[in-house]
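Contents: one structure, followed by commentary.
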Amino acid sequence: MARSTPCSQTSLAVPNHFSLVSHVTVPSEGVMPSPLSLCRCLPRELSPSVDSRSCSIPLVAPRRAGKLFLGTTPPRAPGLPRRLAWFSIDWEQVCLMHRLGSGGFGSVYKATYHGVPVAIKQVNKCTKDLRASQRSFWAELNIARLRHDNIVRVVAASTRTPEDSNSLGTIIMEFGGNVTLHQVIYGATRSPEPLSCREQLSLGKCLKYSLDVVNGLLFLHSQSILHLDLKPANILISEQDVCKISDFGCSQKLQDLRCRQASPHHIGGTYTHQAPEILKGEIATPKADIYSFGITLWQMTTREVPYSGEPQYVQYAVVAYNLRPSLAGAVFTASLTGKTLQNIIQSCWEARALQRPGAELLQRDLKALADSIEPM
């Protein structure tokens, strides 16, 4: 079967099921179970485990000129039920370019889908904790069908995998950019053009990026979604210099958290950015993301790492002794603007979640501060 869109070969080693996608065979039965139990808070039609067929979750459909549009239904393949046709990724249109990164979760590739640049995440089965891998895969789809300028959009996702692969599934996402906020802060970048990051992250730029992130959080929280792993490494910067929140593998829906109040479970994330209530095993709220944002804003402002020392000691000190990164630097004390920024950061990482501002109030304060300084 020939590809309808030719793909140039790459010298990088990539999985066979992508480089030879026209020869992929997928299991005809079976689907990865959802880690979420069915309850009154989770309707049956939203549970991925209800249908026994392998499924995908396409969120946009191709139209003219290979562009992707939201909310339209693609033509149904002959002989396929309506739902199964809607749940089909056009694998022949997947064309890998190169790998962007890899880790315990799997690998992310830059690619094109129907001629449009995308990022493709291949989620691996974790032999030590398969349940955690499954939970992470489905959590990535919490933003299914959502669209916002400051959120990396999911294009499609599928539990269909080659029979010989170690993959739980595939997620096709909007290509958010080559550079993360972490790379901009600390100087390392994968951008094809050299970037002297240490000279370019001005206070005005920090506030601009901060507003991008807060706008994304405000939208997520309005949809009752918590990110729960917000940090510079999970914020992409597009070619248009717009920050986009990515990596929703730890995200939660508020209604699902309410379902689990009687049986708390471990919430993933990065210990340096986790709120005290999360470290104590309490139920998460949107204010946990605000805490993480406060640490992230401190990193942007100081260009330093939050903590040093063993993780378990840091976690204990954050909860027991209210340990936080230092706000004593000149960037916070030498000017009225710095002192205002200091107050904003301090309010974000208050020990009690109720004392932290919501995303809407934070957006207002950051915009007022950004308007008070000279243009970038």
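Yeah, the Cβs are placed from backbone N, Cα and C, and that goes for glycine too.
Here is what Swiss-Prot records for this protein:
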DOMAIN    94-376  domain 'Protein kinase'
BINDING   Leu100, Gly101, Ser102, Gly103, Gly104, Phe105, Gly106, Ser107, Val108, Lys121  ATP binding site
ACT_SITE  Asp229  active site, proton acceptor
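Feature map: Swiss-Prot annotations on the structure.
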| residue | record | contacts (Cβ under 8 Å, 6+ apart) |
| --- | --- | --- |
| Ser102 | ATP binding site | Val108 |
| Gly106 | ATP binding site | Lys121, Gln122, Val123, Asn124, Ser167 |
| Asp229 | active site, proton acceptor | Asp247, Gly249, Cys250, Ser251, Gly268, Gly269, Thr270, His273, Ser292 |
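Comparing the binding-site residues Leu100, Val108 by how many other C-beta atoms lie within 10 angstroms of each C-beta, the top residue is Val108. Across the residues of the domain 'Protein kinase' (94-376), the predicted structure has a mean pLDDT of 88.
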